[in-house]
Amino acid sequence: MSGPLTCSVSDLSAMLGPNTTAAAEYICGQLGTVNNKFTDAAYAVDNTYLLFSSYLVFSMQIGFAMLCAGSVRAKNTMNIMLTNVLDAAAGGLFYYLFGYAFAFGGSSEGFIGRHNFALRDFPTLTSDYSFFLYQWSFAIAAAGITSGSIAERTQFVAYLIYSSFLTGFVYPVVSHWFWSPFGWASPFRSAEDRLFNTGAIDFAGSGVVHMVGGIAGLWGALIEGPRRGRFEKSGRAIALRGHSASLVVLGTFLLWFGWYGFNPGSFTKILVPYETGSSYGQWSGIGRTAITTTLAGSTAALTTLFGKRLLSGHWNVTDVCNGLLGGFAAITGGCSVVEPWAAIVCGFVAALVLIGCNKLAEIVQYDDPLEAAQLHGGCGAWGLIFVGLFAKEKYLNEVYGATPGRPYGLFMGGGGKLLGAQLVQILVVAGWVSATMGTLFFLLKKLGLLRISEKDEMAGMDMTRHGGFAYMYYDNDDESHRAIQLQRVDPGSPFPRLVTPPRV
């Protein structure tokens, strides 16, 4: 809304004539009541919009679960599904106790928040419960990214420890730096205090969410080492394919759907006019953001389709799904401040970044079952650079507040200051996550809490750690299928019994 309605009894009574003070008081009182109703309605609409966006982002957890399940071998399905459930559950508790306070609870010299632990003295004048729910759904998304990198070989206790630490401390500190009004690199600070007079622009989290989750997963996978059988002694890569392309596609579509809460929802409000009395306002920016998100993902998917066809000779649906998600991860940082045509450029380059990172991973024998570090870390970093090149001045002023002389995209004529701020963000996010999560995974390894035994890994964690398989299924290329119990019916009994198949 453009502002509250105002009414002065003295001014109104002068216009009405003598002896009309009572009438003026009555009219002003009624106008005040109407104004309060409009204000209440605006708060209700904005909070409902943010709650709905929170539900969309949370639904991405279903997408993560399906994508992860389809990308691992059948013998580890229950394990990866359980870790996705616990990312949300453990993240909910630790973000409530510590994470939100570290992210948005005031500040200690721009580094970390220090108020609202366990939502004490909450809600505030600037934040309501819907805002907490929305931010929690982002925190658990970062944890879900990491779980894919270390899938099929990680002890269950390690998942619990890293997920709690990431959502309760590591991620909140990064979100404080770039999203809190008090963060040292925040674009919401006063103009004279901003990094390079602009602050780092990361609207919905190419760096804050995707790089954090991707780099954490990178260190986890590096310290654990590749899955057994992933690389031959000669260094040649062996594909350990996921067991269900159907689940991968289902998960991808669910993530696509949820991204419309992730990116457009990051406005947090919808009733904000950009031009008073016109049809152009924040609702227009929200629609544009949904379009840029769609175009970046679609372009990345098509580029990956034809790029992988040229490299491998196949039309691979899993590669296309990952390319699509890489485009989304890249556009997330600048989705609200770029033109739709620029989003196509973003998606095209994101696909090339993903293909290049995957090729590099094979060369250095890095194993990431979901390509999470390459997809979220690599494409997220490109997304931040993209903002520094293509951010439009008009959109920056609409989304972040009008500031005379605000730096904007280099290729749009805005100079190099914004690009410099984006590069600083890439460096500090990579350094912070490496120092914290790299150290954590190293300590877990030294304590014997990180990787499962070779025997358990070959047999599959569903059987050895979770009491049975998700389905009656075995991988044809997996020697452990000889030990799998298949259910067969005894001809002499109406009840099924379990027998072990003979060696073949």
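Note: Cβ is positioned from N, Cα and C throughout, glycine not excepted.
Unlike curated entries, TrEMBL annotations are predicted automatically.
Now, the feature entries from TrEMBL:
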DOMAIN    50-471  domain 'Ammonium transporter AmtB-like'
TRANSMEM  48-72  transmembrane segment
TRANSMEM  93-112  transmembrane segment
TRANSMEM  132-150  transmembrane segment
TRANSMEM  157-179  transmembrane segment
TRANSMEM  199-223  transmembrane segment
TRANSMEM  244-262  transmembrane segment
TRANSMEM  341-361  transmembrane segment
TRANSMEM  373-391  transmembrane segment
TRANSMEM  423-444  transmembrane segment
At a threshold of under 8 Å on Cβ distances, which of 93-112, 199-223, 373-391 pairs most often with the transmembrane segment (157-179)? 93-112
Over the domain 'Ammonium transporter AmtB-like' (50-471), what is the model's mean pLDDT? 94
Same chain, outside the transmembrane segment (132-150) by at least 6, Cβ under 8 Å from its Cβ: which residues? 50-51, 53-54, 57-58, 60-61, 64, 67-68, 71, 80, 83-84, 87-88, 91-92, 95-96, 99-100, 103-104, 119, 122, 158-159, 162-163, 166-167, 171-172, 175, 205, 208-210, 212-214, 216-218, 220-221, 224, 262, 265, 268, 368-370, 372-373, 376, 437
Considering the transmembrane segment (341-361), which listed stretch of 48-72, 199-223, 244-262, 373-391, 423-444 counts the most C-beta pairs under 8 Å: 373-391
Would you confirm whether the transmembrane segment (373-391) and the transmembrane segment (244-262) meet the contact rule of 3 or more C-beta pairs below 8 angstroms, pairs 6 or more apart in sequence? no
